[in-house]
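Taken from Swiss-Prot, the feature region 'Disordered' covers 40-71. What Swiss-Prot lists as domain 'tr-type G' is 115-342, and the listing cites sequence analysis. Annotated region 'G1' per Swiss-Prot: 124-131, in sequence order, evidence recorded as sequence analysis. Here Swiss-Prot flags 124-131, 201-205, 262-265 as GTP binding site, drawing on similarity to another entry. Sequence annotations record features per position, and here Swiss-Prot assigns region 'G2' to 180-184 based on sequence analysis. Residues annotated as region 'G3' in Swiss-Prot: 201-204. Under the heading region 'G4', Swiss-Prot lists 262-265. Residues annotated as site 'Interacts with GTP/GDP' in Swiss-Prot, with similarity to another entry given as evidence: K273, I407.
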Amino acid sequence: MKLNPNASSFVPKFVAKPAAPAPAAPVAVVAEPVAAPVVAEPTPTPAPVETKEEPTTTATTTSVSSIKTEEDLENIKPTESVYKVEDDDIEDDDEVDEVAEKIEQVVKVLPEDSREHLNIVFLGHVDAGKSTLSGSIMVLTGQVDPHTLAKYEREAKENHREGWIYAYIMDTNEEERTKGKTVEVGRAHFETTKKRYTILDAPGHRLYVPNMIIGAAQADVGILVISSKKGEFEAGVEGGQTIEHARLAKMIGIKYLVVFVNKMDEPTVKWSKARYDEITDKLTVHLKKCGWNPKKDFHFVPGSGYGTLNVLAPLAPGVCDWYSGPSLIGTLDNLSGMERNEGGALRIPITTSYKDRGIVNVIGKVESGTISVGQSIHIMPGKTKVEVISLTGDICSFKTARPGENITIALKGIEGDDSIRPGSILAEINRPVPVVSEIEAIVYILDMPEERRLFTPSFSAIFHAHTAVEDVTVKSLIATIDTKTSTEIKQKPTFCKVGDAVKCRLVLGRAVCLEEFTTNPQLARFTIRDSTKTIAFGKVINIGKKAKEEIARQTKA
């Protein structure tokens, strides 16, 4: 997913096929985190990787055009790609229908999986080790074969970044590898015996916070990666992105935060309990200010992503005598209480789309409701009617996908390239999502640009909600709000300042799919940013009489 880092013109790329995933080793059974087959040695560096030249292995894929007989279908393994096509130049409707029929046949071979699915996003300041930690998880859970890992090691050495071997698994484009900074939201999958996971590796640099918001908007759990190294922790907290990421995660609606105190094996730290306590004490104060409840919302885990320590397997005896808690993956496996609105209206914000052989595929997280193969749905806001051909996860398929699943959906019925845009949502035909350009909202002001310190009517910035990004202008201020009692204090104020909460009317540059907070919180939360900082966050409380009447009319129809 290519994203423009400039907030003023930030637009996800919706036309290119996604990059081919790294070859993955077939995984028959994934061990429990506490009994994983990979046991990290108590050393700050991973075991050396064999780099002698051998034939490179690649993941097996199956071309739709190669499926001719029932035997071809039977030979498809669950870990193979669902389908692969060579071009997207098909214009003939009959040929598109033929491809769609073959896709339907292929996905019938794949198993359904009843394990809970969690979307996790890696957050934190630049160079905290987010991509390295993500990559080490992929290796430890068997998603990267040795030949591919050896290839990444060679490439890291060629770029004089020997310590970035695991990061190369997630940072796939040349800019990320040469600069050593994540730009896009990396995406990968792994599993344990308890759960299935989608990894969203977000950028840490302040220029790419809009990209981070796209990743965090899909997540159930945030993993805030903290460098324990002397100077790096302080840089991330004092003027860095550590606290902003934690604040944004709370605003966007992430339920849990797991704080991974990374680089504990670093020579300036050496598993120091005093350093760990210093970090956790300071962060707890900041996280509470961001709205996180220390008793139930966040957990601390010490470890090392590069050293693969306390990531999958718990710490081996002798590594750290003061920590006996679960590993990072063990902590994730133990999380419970995810709220899933299965009975609600279908809502799937589209994060990516691409076209194969005339079939449009979209990727997104099911926020509410359910979606089934064969179902007719709308792409909003344009009300394009499409049919669902298939629903697939990384190694499983679904007849019906439920809230929390991050899936690829093959669709039939799209004509033209303007049906899908940033902010598009899949919705039920008889339960449409509101499309509005003016809203009433409660806004909490966090910061203001240096050149304009007051929040007043006519103030303009950038509006982020789910995958939508639009210009926004303050139309009017209705009343200031007491945040403790939620009561209105002053009617029609002329201005507001940092720290205030205000009920106001906002006008968007283009109509966006939004809902009221009482109906669907995930489609009601938003943030307001300028080019480099988060100005405010808020929630939609009223979509307006006209929008409500239109929804009522469409529902009856």
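Using the three backbone atoms N, Cα and C, a Cβ is placed for every residue, glycine included.
Feature map: annotations from Swiss-Prot on the structure.
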| residue | record | Cβ contacts under 8 Å, 6 or more apart |
| --- | --- | --- |
| M264 | GTP binding site | S228, W271, Y276, P302, G303, S304, L309, C320 |
| K273 | site 'Interacts with GTP/GDP' | W322 |
| I407 | site 'Interacts with GTP/GDP' | I363, G364, K365, V366, L391, T392, G393, F398, A401 |
Task: Other CB atoms within 10 A, centred on G124 (GTP binding site) - done: 27
Task: Reduced DSSP assignment, G124 (GTP binding site) - done: coil
Open item on the list: Taking every protein chain in this structure into account, which of the binding-site residues D127, K130 has the most other Cβ atoms within 10 Å of its Cβ?
Closed with: K130
TODO: By DSSP assignment, list the helix, strand and coil residue numbers for the region 'G4' (262-265), in that order.
DONE: 0 helix, 1 strand, 3 coil
